[in-house]
Structure formats: C-alpha cells, structure tokens
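A.B. asks: Below you'll find the structure I mean.
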Amino acid sequence: MSVPSQASLGSPTLPSQPDIDRIVSNYFTRKGYSLSTLQQESTSLDQLLQQFKSNNQTQTALKSIHSDVEDIETIQSSYKSLREWTLYGLDIYKSELQELLYPMFMYTFLEFKSRGTEEYAQNFLEKFKHDHLQKHDADLESLESTNNYPTKYTVKISRIPLEIFFRFLQENQYRTLIRIVNERLHIEKVLPTSAGGGSDQNEIRIKTEDDMDIDKPSTAYTNTDIRAELESLHELRRLVSLGSVAQPSVCLYTFHHTQDQVNCFSISEDATLVAGGFSESFIKVWSLKGEKLKSQQEIEEGHSGTEYKKLIGHSGPIYGMSFSHDNKYLISCSEDKTVRLWSLETYKNLVCYKSHNYPVWDVDFGPYGFYFATASHDKTARLWSCDHVHPLRIFSGHLSDVNTVRFHPNSKYIVTGSCDRTARLWDVQRGTCVRVFNGHKGSIHTVAISPNGRLMASGGEDTCIILWDLGSGKRLKTMTGHTGLVYSIAFNSDSTILVSGSADGTVRIWDVNKNTPNEFKET
C-alpha cells in the first residue's frame, strides 16, 4: 500500500470557529451539561484577559516575579544593612561573620561595575572600603582597576554562624546578596576550636555532601595573604628566646601633663592602642602608631580625626580597663559602681552594667572578647557577657576587697587577688573556687597568668612576687627586689619572662625558668 504524498492530500484546512463551538457543545451535551449552563459559564479570551489585568493580586504577583533584578540603590541598602548587622552586633560569632563581609563587599562592588554604573560603584567603594583596609588593602587596590570577577572566594566558617548569616539574608529577602553567596562564594564548614579545648589544630574540616559532588576550586592566595606570610617569616628570623643572655628591648611612651590624675592604663593586644583612666571620670584613648583617631562617622564624612578620643560617661574615678581582642570594644570600671562598654568605632558608650554594690576595682575581657570579669570592694568577682546587663556568675569567697581579676587563656577559669592576702582560682562554668593560694603577707594588688596557662604570678603590698603552679597550686618561688608595693605584673608571650612595676619607681624583669629567684634587669 502506497503512502499518499503531501501534494495529493492537498492543503490542510483548519476548522472554523463555529465548527469548533459546535464540536465542543456536542461534547458537553453528551457529558450531561445543558446549553444554558455552558452559556453562563463561558467567557471569551478577551474577557479573561480584561479580568486578569484588573486583578490587583495578580498584578502584585507579576511585579514580584519580575523584580528579581534589584536596582542599585536597593542593593547598596542591603549591603549597608548586612554591614551594620555584622560590625555592630555583640554576637559571640561576630569574628566569623566578619570573614563573610569582605567577599560580599567585593562582589557587590563588581556587580555595580558589571551594570555599567562606574560612578556609583566608585562611590560605593570609597564609602565602605575602610572596613577592609587592614586585612585587604592590596586586594582593594587591584579591585579598583579590574573589570573581571575573581575566582570563587573561599570562606571558612562554622555551622552556627553560617546558619545565622543565611537566616538574616532570607528573612530580609536580599536577593542579590543571596545570589552572590550561591554563585561566588565557596564556603568550607569547620568546627571552631573549643574555648578550653587546648587543641593544637586551628580547625577541623567537615566534608559535606555538596563537597563530594563538586570540584573544589584551587585556593587563590591574595596579595595580603602572601605579605602576611612574609612578615611572619621575617618575625621568626628575628625571634630569639629571651633570657638573661638575650634581654628584651624597651619601648617608652611618656604621657605629659597628667597632673597625677591617671589611675590606670590598658594597652591593646596588638600594641596599637592605649587607654588611660582618669580620676576626673573620663577615659582617653590614643594610637601608638602616631595616627589620628577617627570615628566611623568622621571617616564617612572625610574628617581628619583627632590626636586622642575622650570617653565620657562614668561619674567617678576610673580604676580599670580592658580592650577586646579585636580592638572593637573597651570595657571600663569605676568608683561609681558601674561597668561600661565602649565602641572604638563610634567612641560612644554602648552599655552600662549595674550590679556591684560598691566601687569596682578591676575588669578584664576574656580571650574571645564576649565575656568579661569584674572585681569589687563588695568582696566578689562577677562574670558577665556583653549582651546581658546582669552578671552570669557571682564568685563569692574572699573575706575582703577583690582588687584584681584575670582570665585564664582557655577562658574556663579566672584568678582573683584580694586584700585578704589570698589569690583564688575559680571555675567559670560552675562558679566555684578550685584553688586557694596562700603565702603573701599583705594585700594582693595584681595577678597575671602565663600565656601557656601553667603559671600564675601575684604581687602586692608585701613588695614580693610569688610564682605559682596552677596545676598543683604549689608555690614555685618568691621573687624579691622591689622596695615598694607591686602594682602590676605581666608575662611575655613565651611565658619565660615576668615584668613587674612598683611604687618604688622601678620596672623589673624576672627570669621565670630559674629555680631560684633571679632578677636580671631593672629600669
């Protein structure tokens, strides 16, 4: 049987509209529908279109579908909100969240450039780049001259802050930022080192299911990373174990015209900032790098800054201060019974903590910056977190004023010194005393814990310094030489040298490793 050709079949003819209506009518009639019902429910395409256009809900839905491409003002507003949420929050995961801020800034800037809004992109860069100059100054220079997107940016972050970050973006519906995260970031989930774990590893990588299915991009080292490694190598070459042979150098700063009003000083961990507490109830903060200090607002407005910043809020003399590990905050205590948290970005008071019944003599930030401890005339030490105005623990047991307090490097313990001539080691989690150190013949005014966490030194009214083994609670040695009250002591980073300051006007440097008292330098 032959198949007919297209020509023999002729041109196909389409059924007319009346034929279609008749066919449909016959079909519904066979199904039991009446003609009157069909006429009532039938609606022409034109009528449907008019109804569709007049439906407000439908129009709103259409607009939401086509609004995935956000305008540049909305994108900048989204980034600004993310920035403020990250920088000004008092979250325990803040340091990890800040690692996400730079890539979000970088890809937001490049998003503006890819849209051809060069002037807007440059304004965005100038407005927000100061947040990243310390760690990414070299990258920022190259960023201004490139039109190409870099390879995927790798960020290492633990699970909980990552979930908080995603939740923030989703709740605020920052679609462009979410797209940047999905397309441009390679996120490696890690387990953070426990606060008291003592593990030598900085992190433990967790391989996720997604990691198994995709190829990981090669690690791209930035100019900043390479320069930091080179500086670290140069520092290692210069590093010599300090002792009686290789003695430490001295760096001197003199504060003039203080009129005997300075009660205390505190130096930041990286030795870039120093704060002085005055009897006139204010605090002054200076830069040790010879730079003028600028608040966030002054930076945005292009002001030159000032030689120092004055923090006003207390109503009594300042007796103690401590910088957070990231130099973002300063905590202070006063005779007015309060403790105040200050922002070193705005140089404003953020929180006032009230709980002590008498003057607060000392305060110390924990190693991770979220917790701090206080010592008071009310015979107690107290543990606080930045986001609570009431103490988390009250350490009670001393028989007189608690003059000083210091955190252990693992943040699980604190050490206090008291006018009752004892020092005590407290368990932070349980709030109990686990060691009592007896041996001083007068009030203890200062304590210090070695960076390796094994030793504790105490000094005070009896002019001597006692070195203790924290593990056993035993006295290792007594170091004598000062002729006045010992006000301050500190270990070096290697835990091999102890430095003390006294009312006799001298600073003495002691060799910790000697079995017998040995002072090898006096200034």
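Cβ from N, Cα, C; glycine included.
I grabbed these lines from TrEMBL:
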DOMAIN    71-184  domain 'TFIID subunit TAF5 NTD2'
REPEAT    311-352  repeat 'WD'
REPEAT    353-385  repeat 'WD'
REPEAT    395-436  repeat 'WD'
REPEAT    437-478  repeat 'WD'
REPEAT    479-520  repeat 'WD'
A.B. asks: Under 8 Å between C-beta atoms and at least six residues away from its ends: which parts of the chain pack against the repeat 'WD' (437-478)?
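C.D. replies: For the repeat 'WD' (437-478), the nonlocal Cβ contacts are 198, 400-401, 403-410, 415-419, 421-425, 484-491, 493-495, 498, 500, 502, 504, 510, 512, 514-517.
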A.B. asks: May I ask whether the repeat 'WD' (479-520) has at least three C-beta pairs under 8 Å with the repeat 'WD' (395-436), counting pairs 6 or more apart in sequence?
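C.D. replies: They are not in contact.
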A.B. asks: Counting each residue once, how many in the repeat 'WD' (437-478) are helix, strand and coil under DSSP?
C.D. replies: 0 helix, 23 strand, 19 coil
A.B. asks: Could you count the residues of the repeat 'WD' (353-385) that DSSP puts in helix, in strand and in coil?
C.D. replies: 0 helix, 20 strand, 13 coil
A.B. asks: Count the residues of the repeat 'WD' (311-352) that DSSP assigns to helix (H, G, I), to strand (E, B) and to coil, and report the three numbers in that order.
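C.D. replies: Counts, helix then strand then coil: 0 helix, 25 strand, 17 coil.
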